[in-house]
Protein chains: 6
Amino acid sequence: MKTVEILVEALPYIKRFHGKKILIKYGGHAMIQEEAMDSTARDTVLLKYVGMEPIVVHGGGPEISRAMNKMGKEPKFIEGLRVTDEETMEIVKMVLVGKINTSIVSKICFHGGKGIGLSGKDSQLLLAKKKAPHIIKDEKTGEELEIDLGLVGEIESVNPEILEMLTSNGYIPIISPIGIDKNAETLNLNADTVAGEVAAKVGAEKLILLTDVPGILEDPNDPDTLIEKINISELDDLIKEGIIKGGMLPKALTCIQAIRDGVSSAHIIDGRIKHSLLLEIFTKKGIGTMITK
Amino acid sequence: MKTVEILVEALPYIKRFHGKKILIKYGGHAMIQEEAMDSTARDTVLLKYVGMEPIVVHGGGPEISRAMNKMGKEPKFIEGLRVTDEETMEIVKMVLVGKINTSIVSKICFHGGKGIGLSGKDSQLLLAKKKAPHIIKDEKTGEELEIDLGLVGEIESVNPEILEMLTSNGYIPIISPIGIDKNAETLNLNADTVAGEVAAKVGAEKLILLTDVPGILEDPNDPDTLIEKINISELDDLIKEGIIKGGMLPKALTCIQAIRDGVSSAHIIDGRIKHSLLLEIFTKKGIGTMITK
Amino acid sequence: MKTVEILVEALPYIKRFHGKKILIKYGGHAMIQEEAMDSTARDTVLLKYVGMEPIVVHGGGPEISRAMNKMGKEPKFIEGLRVTDEETMEIVKMVLVGKINTSIVSKICFHGGKGIGLSGKDSQLLLAKKKAPHIIKDEKTGEELEIDLGLVGEIESVNPEILEMLTSNGYIPIISPIGIDKNAETLNLNADTVAGEVAAKVGAEKLILLTDVPGILEDPNDPDTLIEKINISELDDLIKEGIIKGGMLPKALTCIQAIRDGVSSAHIIDGRIKHSLLLEIFTKKGIGTMITK
Amino acid sequence: MKTVEILVEALPYIKRFHGKKILIKYGGHAMIQEEAMDSTARDTVLLKYVGMEPIVVHGGGPEISRAMNKMGKEPKFIEGLRVTDEETMEIVKMVLVGKINTSIVSKICFHGGKGIGLSGKDSQLLLAKKKAPHIIKDEKTGEELEIDLGLVGEIESVNPEILEMLTSNGYIPIISPIGIDKNAETLNLNADTVAGEVAAKVGAEKLILLTDVPGILEDPNDPDTLIEKINISELDDLIKEGIIKGGMLPKALTCIQAIRDGVSSAHIIDGRIKHSLLLEIFTKKGIGTMITK
Amino acid sequence: MKTVEILVEALPYIKRFHGKKILIKYGGHAMIQEEAMDSTARDTVLLKYVGMEPIVVHGGGPEISRAMNKMGKEPKFIEGLRVTDEETMEIVKMVLVGKINTSIVSKICFHGGKGIGLSGKDSQLLLAKKKAPHIIKDEKTGEELEIDLGLVGEIESVNPEILEMLTSNGYIPIISPIGIDKNAETLNLNADTVAGEVAAKVGAEKLILLTDVPGILEDPNDPDTLIEKINISELDDLIKEGIIKGGMLPKALTCIQAIRDGVSSAHIIDGRIKHSLLLEIFTKKGIGTMITK
Amino acid sequence: MKTVEILVEALPYIKRFHGKKILIKYGGHAMIQEEAMDSTARDTVLLKYVGMEPIVVHGGGPEISRAMNKMGKEPKFIEGLRVTDEETMEIVKMVLVGKINTSIVSKICFHGGKGIGLSGKDSQLLLAKKKAPHIIKDEKTGEELEIDLGLVGEIESVNPEILEMLTSNGYIPIISPIGIDKNAETLNLNADTVAGEVAAKVGAEKLILLTDVPGILEDPNDPDTLIEKINISELDDLIKEGIIKGGMLPKALTCIQAIRDGVSSAHIIDGRIKHSLLLEIFTKKGIGTMITK
């Protein structure tokens, strides 16, 4: 009896998001832990079946480093950015496209969804260009040094044609954050940024980032300081005040940009909580942080 | 949290019935009592939103008699069958099409469904012919008497074109059990039969009859004798044995015929129970009686 | 031989109105008298078959009052406007949707048209809101009194989607002037106004009002003063001068508004004349009054 | 008033032939005489506008001979069959396609139809092969002689694709009886045969041959012996009895074959009578001879 | 081996012009000489098969004069313009539509293309009006004389609907330069102008004029003075300086106008060179003169 | 000049294979050597642009072994079959899907094709099941031993829906030979078999296997013994006679099966020869071995 009452309570959400595109970034725990990924995949299929159009983007940093270690190659980072030489790029592709993406596709299909794996190379979905060199300051001399990060790219344009065709024909696209430049060179992209830019390009209703934290916290060490709802100008202020920092900073910037580009709301939620995706969509309170215009 | 777990549990049912037509006969309490009708309408809209194709047929006997009384015309029945003269037919049309159907449409629309009211006259949806006279036996003399029931019809053919167009364009059709014969004469039809024949014609997955009893009971006076699942040959046997009788008999016959004509399952359920429609579709056990091949 | 010459003479009209929507308001005699309605229905079907897109709106005032009397409820009017309490509204729905609309559908279908009955409730075709109270002046005191007319509405918006789908698939929609407000409350609407607003919304070529008078008369008592053609600014002048009054006034205002909203011409014609509809469309002179920009 | 009554009388015919293909062979007077052709073209456009799908095939024997004479080339016939050398074929093409066909197209367009001229060469509409030599008997010696008629062909296959595309997009195709063989050689075809074979291939409802006689006459010299209606086995008998002969014989054979191939009825009518086409279609009695299964 | 290397070299051109409309004017040698026309037709079919959308317009001046002579009618020109009385117009139609157009269609079909012959009369493709009288100066007196050229027209509008339908369904349209005016009068049109105006109307990528000269020559008598590439303002200058004159002048003006109306490039090439059409499209250097914005 | 003559010579082949699906198995040299793969990709794009529908399947054995060695895992084979434990399967996926497939996609896109990478997991394109254990004979004892090859599968069904959607929308699918079983387990598949089964399922015209040998040789050591053309019953005989053996045997069996399942011809050609793909399709003689019914 409870069961159906809850179904009925979900109706307003189902109606509101009917036919709307929902861009979901799989990250952290939700992607590494087998059972969590299975559960997230099933939730994604549910969204499709009740009439929404989920599109998945996934990351994969830790897996890449693990694979590199296994292959006897040491991962190298400069100020948190992965230096990507050709050999590393090869490993990145293998792990993201060959391993993680295919796993997600398997799980989506297993739960009855028509999952299709894509990378930014497919039909030039993500046209990118090499990033400008990274500038670091020599702590001692104060000199600025240009560091070439190698095959790291930034998106120049998203080609939504293939996504439109797939979603309107009942498929769920799963995208690896790999770009291609004009000379067919492969480039490593930031998964959050890819999610944000794709969300904007396809006119998504929601951008949902699954992470390993409860959301945006005023004090990163105190989960009780979770910000449940914030608009982009308030969020901007928090950034300027230096309250948002570390790994949360690029995520916050991605959300702000996506909303400026027309996405209705962005959500940073805790992928470690079971069914966090559904909790965010189908309950009034939601979980994590909701960012709006 | 509970909420979303239940949603996830509903996924297998949502998948199984995705794109399938569900023929629902609104009857009894579920139609007379304002709040019950509202709840049933909302449940019907939910089915549409999660990907099924509900089609509604409604009855209305008690309302008709009430309206006739109000208009100073006494309802007349012979062995439970309404004798329908022209004046009665006029009242039947007004009550079914003008009152009950429009109420259902209102409620469906209010809950976000695109409801469209139809009668069998619309684009000759239900082509009918006058029923043969009813034969009764004079209890004293044993003589057989032919009683003309007037404008009472039986279906000759269902024209599904309009239903296909409406359902595939996102609408929920609501059908009054009024037929039309070749001379454009209006005929009174049995709502259960209409539901069964339409279900067969459109290739429905399920035929669900909402009633005021718990389902088929071995002993009509003992709700504990509910038959939860039965196949049509077993049901046939019960009929032959005289166990199924009274108002349940025509319903049972309708279900048997619908399944013979290709409907996957028929359900006789208690419309007085809130969300009985959803309980039947979204829970393993269901409620009421399920009839299968 | 005569036959085919006349067909050939009709060709220019058939060409000119090919694929154009023609909004026809059935009213007065053409709706009450059985044979007249049959003839009008057949003419409407003819229009469809020769390539036009007729859409019908019907009225029904006298029938409603008759039914109310039958049910022992006295019709109440204030300055010509029906006061509509809940019980009256119920009767209005039954008569318009259940009786008159179904009769028209029967006749349209009998003559080979694919008629579909609609009310403003179907898929919220006519979204309305309650009218502001009617102001009357106390003749003695000169005081202004607000009279609540009850469930009488005015159109807020017409949702043409269902009409486009039906006409482009070969159907002839027949619309009862019943509206629905945001709370699913049923409201009584003026049929002429409905015809005018629907005509404007669907981009009709013509709005044709079938009435019981020859058209607009300079002297209502002298049929010889028929105005055959008039533009809206001239008609406006006649209204200001008080020459148009009584029941003709709202019809004239409806025509003016429809033309301002883009309908090419409006026609007020005598539905008592057999085939008046066709005479208006297929002859150079036409009958009744033609109103143009 | 008369006008519209006649329109209404035409309704049953308009309904019956709605969306049906009508194959019309323009011949004799109806093609040679300017005014008659204009009238026939207008009637053809009328058929299109009231919902039928006319397809025109035209002949042109007399015009060809006239042009040949003008060019100083003497027409040559053997037992009524035109001997067609290359030079003659060139003239045939110029007259049929360049002169007659373009004239018909002009007139169809002038009356508001979207006429498109075609020959059997267009997209290989009429694939043909050279006819076997004609056998004649030497009257004196009784010897059989093979006479090569030159570029005279018989149809091997009709390619209806272009006709389906044109008719379903609102066009009226006008076909010259010119065929093409596998080597792109042009061949002269019999127009009646072309009309019959195209009618069969496109599944036409009617094949109408416009001629210069009242129809099939039992006595060719006595118009009072007109056969109004005949079935194909009766017609077969008349042929065997030698009653049908001369120019009527191939027409009769064409009609029989077309009906065997699925055309509902074939009509041989007098194109000299104004509006004969419409008289045949829109009146109960029709004119000329109707041939049925 | 050579073969496939060349195919691969053609790929960039095939890609660049994929799905683009190419308007080709068949003229001069390429139309008169049997083998040349065959080769040009095959090249045109090749363009279609590798993904372009060729549309052909043809001329026919010399053939017309030859036919007139044969029919004992002397061609008459005033300052190079054909005086076209009714009899001449008849011959023009017969030669262009009946002879030349059908020949091209035959050849296109023979090589596997779905050729369809059209004239400007078909569905009023080329709506024209009679040209204003031609003004000539009496050499002696200096007086200006108005010369009526008869049935010579200029294009008022091109109706591209039929061309869009044909090309998108796989057909290759072949157009005779015959126009029709509002009264269905046939008018003689300049083929180059028709090609240019159709190119502009359908948004062609290229306009290619096949001629009997190498292209635009600075000195008409010296093939070594060929201008390989020129933009329209430079070409305009050459015209003003009087360097472009004679038969080349109207061609040059047509090209300028087409480019002003949106065609990307115009080409005047030598149809006497085998495969000149393909050489122009598939080689970097091209042949003849290319005119660009 | 040569250029265009060759283009024209290709026309018959372009016509014959227009709209036909061509299944190409990339293998051996054509996949390993950078430049060779680039050239093959460009040739594949050319096929698409001239109207065929190429679908690519690729292999990758040597790359997999190389990657395993790099990761310190020794490849293990039993009678030429790779033993695939879970760790190996992970590497197989990474190499095939992450590395080889993305490289091919890059090259296809670089040359202007809309390449899309797929594995058998995408929308369950290749549903497979685990292979029965491999039986080997102990050379000494003569005992039969069952060897479990691990995650090696055989195809149960090909789901062509995604391929139809992609090819008809202008895409070139590139498929990795990875299957998925009913429990979402990943299985290693033989690439030649995948190519053959997909070819049969999509109704391909041709199956082309790119290899590192000239074709089927009667004497594997003597290239002069190349069999240019053979039908399947002759090939069957050669197999029975033991003439076909080693790596060629499974390829031959795949070709026979594909042709039995309706593929028109199968080709085993030398991918080391530049443009071998085009040479096979666009020249009369072809290269390698052609197998027909």
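Placed from the backbone N, Cα and C atoms, the Cβ positions cover glycine too.
Just so you know, TrEMBL annotations never went through curation; they're auto-generated.
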Substrate binding, same site as B:G60, B:G61, B:R82 - TrEMBL member from B:N183, B:N188, B:N221: B:N188
Tell me the Cβ neighbour count for B:R82 (substrate binding site), meaning other Cβ atoms within 10 Å of its Cβ, over all protein chains shown. 20
Distance [Cα-Cα, Å, rounded] between B:R82 (substrate binding site) and B:K251 (site 'Transition state stabilizer'): 17
Where does the mean pLDDT land for the domain 'Aspartate/glutamate/uridylate kinase' (B:20-270)? 94
Sequence gap of 6 or more, C-beta under 8 Å: which same-chain residues meet both conditions with respect to B:N188 (substrate binding site)? B:R82, B:T84, B:M89, B:V92, B:L151, B:V152, B:G153, B:P177, B:I178, B:G179
Just going by other Cβ atoms within 10 Å, which of the recorded sites B:K25, B:K251 has the emptiest spot? B:K251
Within the same chain, and leaving aside B:G60, B:G61, B:R82, B:N188, name every residue whose CB is within 8 angstroms of the centroid of the CB atoms belonging to the recorded substrate site, in sequence order. B:G59, B:I64, B:T84, B:V92, B:L96, B:P177, B:A191
Using a 10 Å cut-off on Cβ-Cβ distances across all protein chains shown, tell me which of the binding-site residues (B:G60, B:G61) has the largest neighbour count. B:G60
Pop the Cα-Cα gap between B:K25 (site 'Transition state stabilizer') and B:G61 (substrate binding site) into the table, whole Å please. 13
Look up B:G60 (substrate binding site) in the DSSP assignment and reduce it to helix, strand or coil. coil
If you measure between the CA atoms of B:K251 (site 'Transition state stabilizer') and B:K25 (site 'Transition state stabilizer') and round to the nearest Å, you get 11
Return the maximum Cα to Cα distance in Å (whole number) over the record's substrate-binding residues: B:G60, B:G61, B:R82, B:N188. 12
